[in-house]
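A.B. asks: This is the structure I have questions about; it appears just below.
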Amino acid sequence: MHLEDVTISKAIITRYQEELLEALESDVAVVGGGPAGLVAAYYLARANKKVVLFERKLSIGGGMWGGGMMFNQIVVQDEALPLLKEFGVSYRTFEEGYYTSSSVETVAALTLGAVRAGARIFNLISVEDVMVRDNRITGLVINWTPVDLGRLHVDPLTVQSAYVIDCTGHDAQVASMVVKKMGAVLRTRTGNLEGEKPMWAARGETATVANTREIYPGLLVAGMAANAVCGGHRMGPIFGGMLLSGRRAARLILGEDEE
Ligand code: 48H
């Protein structure tokens, strides 16, 4: 077979550029490709929203890959079982109400589900700032992760979106930016970032879903970020709350759920 090396380069650059141009204006921009972000992206894309997801790392999946202490299994409870089924993830019953899945299979299934539903996923891109107009989030400021890692002085680019979902996990990076840069008053108990509470699986799981909300006009929080912002407990390697939270964030944007 005759292959031109430069044609391969042209194909990659052309297609990536097309994808990135398409991502410049979206209905929803998801920050973070952990379980909460992937599930939110899936449900929104499935509802025909134009969804773009930015993940800082090379790999999508966030904290799910490592299961608990690198034992690559996750636990899911009854309430979240329909989501494992929705994504075609195989699971086994451990005890009544406790199901286990391979963390690797789950990340792969969530990722494929989101992509096939129509979400555009960009890895190796870090969200480093937000755009705010008239006290509403209107978009994100993005840069290549290696620019950040290399501490290079390279100016970023911007993307515009009607909604942003902060799915950045424990650090709640987008919410933190809004507070730090805008002195924003969040829709939390104190109006500020409440901070995450210590391990308590039962409470943490319920709180993750309850704390999934629009905390600032145009900005929702989901997954671990919801508890970091609103003051919920951490829960260890049980992931049902992350999946349910991602779905709830999507439903809130779609007007299918009330806060
Ligand atoms: C682009 C970014 C940026 C940025 C971060 O940590 P995650 O897996 O988040 P969740 O909420 O989907 O799931 C949380 C879960 O993994 C977890 O940590 C649990 C259950 N912990 C319990 C406990 O007790 O510890 O994924 C967040 C993703 C990561 O992939 C980051 O790389 C990415 O967001 N990210 N992407 N721009 N500025 N910041």
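Heads up, the Cβ atoms here are built off N, Cα and C, so glycines get one too.
From TrEMBL, for reference:
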type	residues	note
BINDING	Ala36, Glu55, Arg56, Gly63, Val127, His153, Val154, Asp155, Met224	NAD(+) binding site
BINDING	Asp155, His170	Fe cation binding site
BINDING	Arg234	glycine binding site
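Show me how these features fit into the shown structure, please.
C.D. replies: Sequence-distant neighbours of Ala36 (NAD(+) binding site) (same chain, six or more apart, CB under 8 Å from its CB) are Cys167, Ala222, Gly223, Met224, Ala225, Ala226, Met242, Leu243, Ser245, Gly246, Ala249, listed in sequence order.
Cβ environment of His170 (Fe cation binding site): Glu196, Met224, Ala225, Ala228, Arg234 lie under 8 Å away, each six or more residues apart in the same chain.
Counted within 10 Å of its Cβ, the other Cβ atoms near Arg234 (glycine binding site) come to 18, all protein chains included.
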A.B. asks: Mind giving me a neighbour count for Met224 (NAD(+) binding site)? Other Cβ atoms within 10 Å of its Cβ, every protein chain shown.
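C.D. replies: Around Met224 (NAD(+) binding site), other Cβ atoms within 10 Å: 30.
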A.B. asks: Rounded to a whole angstrom, what is the C-alpha distance between Arg56 (NAD(+) binding site) and Asp155 (Fe cation binding site)?
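C.D. replies: So the Cα of Asp155 (Fe cation binding site) lies 17 Å away from that of Arg56 (NAD(+) binding site).
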A.B. asks: Helix, strand or coil by DSSP: which one applies to Val127 (NAD(+) binding site)?
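C.D. replies: For Val127 (NAD(+) binding site) - judged by DSSP and reduced to three states - the answer is strand.
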A.B. asks: Taking every protein chain shown into account, which of the binding-site residues Val127, Val154 has the largest tally of Cβ atoms within 10 Å of its Cβ?
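C.D. replies: Comparing the binding-site residues Val127, Val154, the most crowded Cβ belongs to Val127.
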A.B. asks: At the level of the C-alpha atoms, what whole-angstrom distance separates Asp155 (Fe cation binding site) and Val127 (NAD(+) binding site)?
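C.D. replies: Val127 (NAD(+) binding site) has its Cα 12 Å from the Cα of Asp155 (Fe cation binding site).
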